[in-house]
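Working notes for the structure below.
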Amino acid sequence: MYTTAVIDEIRQQVRQWRASGETVAFVPTMGNLHAGHITLIKEAKQRADHVVASIFVNPMQFGKNEDLDAYPRTLAEDQAALTAAGCELLFTPTPDIIYPKGLDAQTFVEVPGISDELCGASRPGHFRGVATIVLKLFNIVQPDVALFGRKDYQQLLVIRTMVEDLSLPLEIVGVETVREASGLAMSSRNGYLTADEKARAAALKAALDALAMQIGAGTAIDAAITEANAALVTAGFRPDYLEVRSATTLALPTDADKELVVLAAAYLGKARLIDNLVFSR
């Protein structure tokens with residue numbers, strides 16, 4: 001695997017592949033990789049001739065009091081994991097390469113509506129930062145397909161919407177959430193959990209499972225949400241939000257919506273954990 005922070009080197013290699021009629025898959029990450037990221041790389045290998053990944057801790061998507069400085073940087077370990085998984089090209093830019101004029105003078109991308117709720121309401125400007133960096137990386141790499149984890153369900157829909165609205169010529173693939181044996185969704189932020197908190201963190205997925213079963217059995221959505229929130233508080237969480245939405249639009253569900261998604265964000269110790277579950281009723 002070749003690692004570079006130089007935009008022109010990425011473009012030159014991709015052009016060579018394309019000149020040979022070969023396809024390119026892209027997996028953008030913020031590093032500190034876990035099994036979920038490696039699953040994305042392996043799926044990417046099934047969908048294209050070549051796999052490109054990026055590692056960039058994007059300052060534009062972090063709020064003033066969030067964990068930008070504390071976010072783990074583990075480049076050597078990440079390079080080894082990506083190489084073993086079959087990634088061929090790794091882009092590792094610095095903020096001054098991505099945002100040479102600084103964040104305040106940077107052109108940005110905003111996906112209205114879907115970016116403003118749930119995580120967007122809790123983290124103002126977050127999805128502006130996500131959409132901007134993802135579009136910039138797409139312009140640099142020019143992939144045929146890009147892969148994202150379904151754990152970040154709202155992010156996936158924001159990116160799909162951006163790609164559709166801007167007529168970008170690539171496919172967006174959502175890959176199923178990879179979980180630990182307890183059911184906890186794998187996340188780079190799980191490293192913030194103490195051993196005791198990690199044991200209790202499985203209650204998040206359990207609450208989503210119970211809520212989906214209740215709604216499927218006919219329980220009113222509001223009543224099921226109230227019970228799930230109570231279960232999270234009992235387990236030691238501080239819920240940020242727990243909501244049921246249309247699985248396709250993230251709009252509040254109507255009686256006609258049969259495919260639903262429950263989305264949750266909750267604090268446990270220093271960690272803000274998110275998870276979701278798509279279900280039918």
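Including glycine, each Cβ sits where the backbone N, Cα and C put it.
Record features, source Swiss-Prot:
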type	residues	note
ACT_SITE	HIS37	active site, proton donor
BINDING	30-37, 149-152, VAL178, 186-189	ATP binding site
BINDING	GLN61	beta-alanine binding site
BINDING	GLN61, GLN155	(R)-pantoate binding site
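The recorded positions listed here are HIS37, ARG150; among them, HIS37 has the most other Cβ atoms within 10 Å of its own Cβ. Using Cα positions, the member of the recorded positions HIS37, GLN61, GLN155 nearest to SER188 (ATP binding site) is identified as HIS37. SER188 (ATP binding site) falls within a helical segment according to DSSP. A distance of 9 Å separates the Cα atom of VAL178 (ATP binding site) from that of HIS37 (active site, proton donor).
Counting only the Cα atoms, the space from LEU33 (ATP binding site) to GLN61 (beta-alanine binding site) is about 18 angstrom. Calculated from their C-alpha atoms, the gap between GLY36 (ATP binding site) and GLN155 ((R)-pantoate binding site) amounts to 16 Å. Taking a C-beta cut-off of under 8 Å and a sequence gap of six or more, the residue listed as 'beta-alanine binding site' has these contacts in its own chain: GLY125, HIS126, PHE127, ARG128, GLY129, VAL130, ILE133. The separation of HIS37 (active site, proton donor) from GLN155 ((R)-pantoate binding site), Cα to Cα, is 15 Å. Cα of MET30 (ATP binding site) to Cα of HIS37 (active site, proton donor): a distance of 10 Å.
Under the three-state DSSP scheme, GLY36 (ATP binding site) falls in the helix class.
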